[in-house]
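The next block holds one structure in the form of structure tokens; read it before the comments.
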Amino acid sequence: MRNPGGSLPHTLPRALQHAGRTGVVEQPGRWAPERTAGGDRSEDRLPRGGGASAAAAAAAAAASGALLGAYLERHGLPAASDLPAPAGALAGGPGSGGGVVVGVAEVRNWRCCCLGSTCWCRSLVLVCVLAALCFASLALVRRYLQHLLLWVESLDSLLGVLLFVVGFIVVSFPCGWGYIVLNVAAGYLYGFVLGMGLMVVGVLIGTFIAHVVCKRLLTAWVAARIQNSDKLSAVIRVVEGGSGLKVVALARLTPIPFGLQNAVFSITDVPLPSYLMASSAGLLPTQLLNSYLGTTLRTMEDVIAEQSLSGYFVFCLQIVISIGLMFYVVHRAQVELNAAIVACEMELKTSLVKGNQSDPSGSSFYNKRTLTFSGGGINIV
């Protein structure tokens, strides 16, 4: 006959686990199953096997209860951490005797780390793909760009300047492209000083013409395109405020396309002379960097002709410094622009709460025609 005490190490943890799960640890003498809703105890109910099996089950339960009581009186209650976890329970869960937060927090932290590493890997892959596309495009059109630059260089000086001015006018419209290419080409062909002067004059003329044309003919088209962009809508609202010129200058340093910025600012009520001055001031840092980059590309031909290792090193260092400085300027401009947008919107909300929107003084900031977009009202002229 099997000794009933041999099953005690298996019976005891399960019984104590049940007691710890319900939150109540009873005394050994009072250890008894719960009563049912009808008031009968669970061992009084007859199982399907009949009365004989019920009597055997009752005797086994009584023997186990006696052994359990004797064991508890001698050794005491075990610690909660020694109890086995139920099937499917996490470490640190309710059935293991520990805190439920520990296991769940570990799983969540692991998942967040995995997601963060996945996002980082995706960003790295995207940067590599974009870099590969840029180098491939440069390799494909390098010969054509070289022939084009040589053709422009062979032209008369005045004709070449007029050609650059026409190019800056074209890229100043919303659908134009190639603003940075023209800047680098001007520095490449005319040097740092003359190329810089050509850039300033050409961009000023192109900005003026694009502003007037978009304001007279393309206001509805520009407003329809802006309504789906929260960032451009916020820029317009801030430009309509008191710090509009600062926002215009900061926006010129952001990666927003040059022609698109001209179209966006054309539907505001910023005075044209002030707008041109703020645009020129905002574009000046990137123009300096692009002109210097074009001048560096001019020196690349001398480096290749000399086949000097130190020349290659200096050229690569100049390129890296120029690109890094450009990224830093753009990043700082984005931070300042976002701060200006937040500050102006908070000021606008405060003024609306105070009732300044009905100011009879005729302030141009509140007495404008308003277009209702999906993201809110955008003031335009």
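Residue numbers in this text run from 1 along the chain shown.
Cβ atoms here come from the backbone N, Cα and C positions, even for glycine.
The region 'Disordered' annotation in Swiss-Prot covers 1-50.
Here Swiss-Prot flags 37-47 as compositional bias 'Basic and acidic residues'.
Annotated transmembrane segment per Swiss-Prot: 52-72 (among others), in sequence order.
The transmembrane segment feature in Swiss-Prot is assigned to 85-105 (among others); the stated evidence is sequence analysis.
Swiss-Prot lists 121-141 (among others) with the feature transmembrane segment.
What Swiss-Prot records for 161-181 (among others) is transmembrane segment.
Residues or ranges marked as region 'VTT domain' in Swiss-Prot (evidence: similarity to another entry): 187-297.
Non-local neighbours of the transmembrane segment (189-209) in the same chain are 149, 152-153, 160-161, 164-165, 167-172, 182-183, 262, 272, 276, 279-280, 283-284, 287-288, 290-292, 294-295, 298; each lies 6+ residues outside the stretch with a CB under 8 Å from one of its CB atoms. Annotation source Swiss-Prot lists transmembrane segment at 189-209 (among others), citing sequence analysis.
As annotated by Swiss-Prot, transmembrane segment applies to 310-330 (among others), with the evidence given as sequence analysis.
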**DSSP-derived helix, strand and coil totals, residue by residue, for the region 'VTT domain' (187-297)** = 92 helix, 0 strand, 19 coil
